[in-house]
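The structure appears right after this line, and notes come after that.
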Amino acid sequence: MKRVLGIILGGGAGTRLYPLTKLRAKPAVPLAGKYRLIDIPVSNCINSEIHKIYILTQFNSASLNRHISRTYNFTGFTEGFTEVLAAQQTKENPDWFQGTADAVRQYSWLLEDWDVDEYIILSGDHLYRMDYREFIQRHRDTGADITLSVVPVGEKVAPAFGLMKIDANGRVVDFSEKPTGEALKAMQVDTQSLGLDPEQAKEKPYIASMGIYVFKKQVLLDLLKEGKDKTDFGKEIIPDAAKDYNVQAYLFDDYWADIGTIEAFYEANLGLTKQPIPPFSFYDEKAPIYTRARYLPPTKVLNADVTESMISEGCIIKNCRIHHSVLGIRTRVEADCTIEDTMIMGADYYQPYEKRQDCLRRGKPPIGIGEGTTIRRAIIDKNARIGKNVMIVNKENVEESNREELGYYIRSGITVVLKNAVIPDGTVI
C-alpha cells in the first residue's frame, strides 16, 4: 500500500457532538475509556499498511495535534507520517474549509506532490475495523475511478446518509445525499443483490455511503479543479461523478457506527460492554487499535461491585457499585457511589493527596466522583469534579436542556457533564 495516501477528514465544528467538542476537535473526543476517535481510522490505516496519513481539521485542534504527535511518531527510516493539517487562509483561498471536498481542495497542492496511485478518504467519527487493502484491491480490480464503501440500512436511519442505486456489476448509477419523502422512497433497492437474505433485505432496503472513498489520484484532482464551487463530496462531487465516471460500490459487511451525535456516541461506547460478544471489540491482536502509551499504574479496586463494565488503567475505585459503564483513565470513584449506564472519561492528571484534602477543606469537590453519589445514563467529561451525595439521574426525564452555567447539558435524555465542570455537594440533576 505504498502507493496510497490516506486523508482523514476531521469534520466541522462538531455541533451534533457538542458539548464534548466545546474544547476539542471532533476526532479528539475520548472513546472507550483510553482511546480517541481519531485512533480508529489511523489504526485501520496502519493495519492496512497505509503509512502516509494526513488529518484535515479546523476547530479546536490543539489536543488533536498533541495526541497525534505523541502517538504516531514514525521513525526516520520510512516515508511514513501522520500529520494534522489545520485550515489556513491564503490569497487563493481566503475562507476556511467550506465542506469535505473544499478541505481536500485547499490542500491539493500538497497532496498532488506525492507519487501515489490512489487517495483513500476517511471520516474521523466512525467506529469500525476495516482492512483497506481489500477495499483498494476491489477498486483496482474493477478499474474504478472512484469506489465508495457502503452498508445496507433501514428506513429509519436512511435519511441521514447518502443513498445510491447500483447495477449488476456494482457500478453506482444513481446517488442522492440525505433524501427525504418521495426522494427517499425512490432510492429503495433490493439489497439481496448485495448478498443479504430476504428478511435482512426487507429490513434494510437502502444502500448507504459510509463516507469512505478511494479515488484515482488524477480523477480526484481533476474533479476538484473542474468544480471549484462544489464543496462537499456527498452532496456534489460523488452525485455528479456518478454520471461520467466509473463509480463502484464496495460492500462492508461488518460492524460500523457513525458516532457523530451524543446519542450515537453514548450507545457505541456502552455497546462495548455487551455480553457475551460486543458488536465491536478492542481485543483483537491481529488488527489492534493503537493509542498513546501513558505508562499508568494498574487500576485499584477496593471492595467494589463491578458488572458488565470496562475499567481503564490508573483508576481508583472504592466501595461502590458500577454496572454497565465505561470508566476512563485515572477515574476516581469514592465509597457508597452507584454508577449505572454511564461513560466517565476520567482525568488528564492525578490530584496529589494534599491538594485533594485542600479542596475538601475549602468546600470544593476534588477531581472524580464524591462519596454517596448516584449517576445514571450520563457522560462525564474529563476532569469533572462531582461532589458528595450528588444525584445525576435526569429526575424529570428531560430530553433536551442547556445548563452550561451549571456545568451540564442534556441531550436525547443523556446528561452530559462538561469537561472541568464542578458539581457541588448535594446537587440533584
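The backbone N, Cα and C atoms fix where each Cβ goes, and this holds for glycine too.
According to Swiss-Prot, the protein has these features:
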type: BINDING; residues: G162, E177, K178, S209; note: alpha-D-glucose 1-phosphate binding site
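Other residues of the same chain near the alpha-D-glucose 1-phosphate site, with their Cβ within 8 Å of the Cβ centroid of G162, E177, K178, S209, are F161, L163, F175, S176, P179, A208, G234, K235, I238.
When the Cα positions of G162, E177, K178, S209 are compared pair by pair, the longest gap among these alpha-D-glucose 1-phosphate-binding residues is 10 Å. In the three-state DSSP scheme, K178 (alpha-D-glucose 1-phosphate binding site) falls into the coil class.
A strand conformation is recorded for S209 (alpha-D-glucose 1-phosphate binding site) in the three-state DSSP classification.
Note: S209 (alpha-D-glucose 1-phosphate binding site) has non-local neighbours L148, S149, V150, F161, G162, L163, M164, F175, G234, I238, i.e. same-chain residues 6+ apart with C-beta under 8 A of its own C-beta. Spatially close to E177 (alpha-D-glucose 1-phosphate binding site) yet at least six residues away along the chain are G162, L163, D232, G234, K235, I238, P239, judged by Cβ distances under 8 angstroms. Counting only residues at least six positions away in the same chain, the Cβ atoms of P159, A160, F161, G162, G234 sit under 8 Å from the Cβ of K178 (alpha-D-glucose 1-phosphate binding site).
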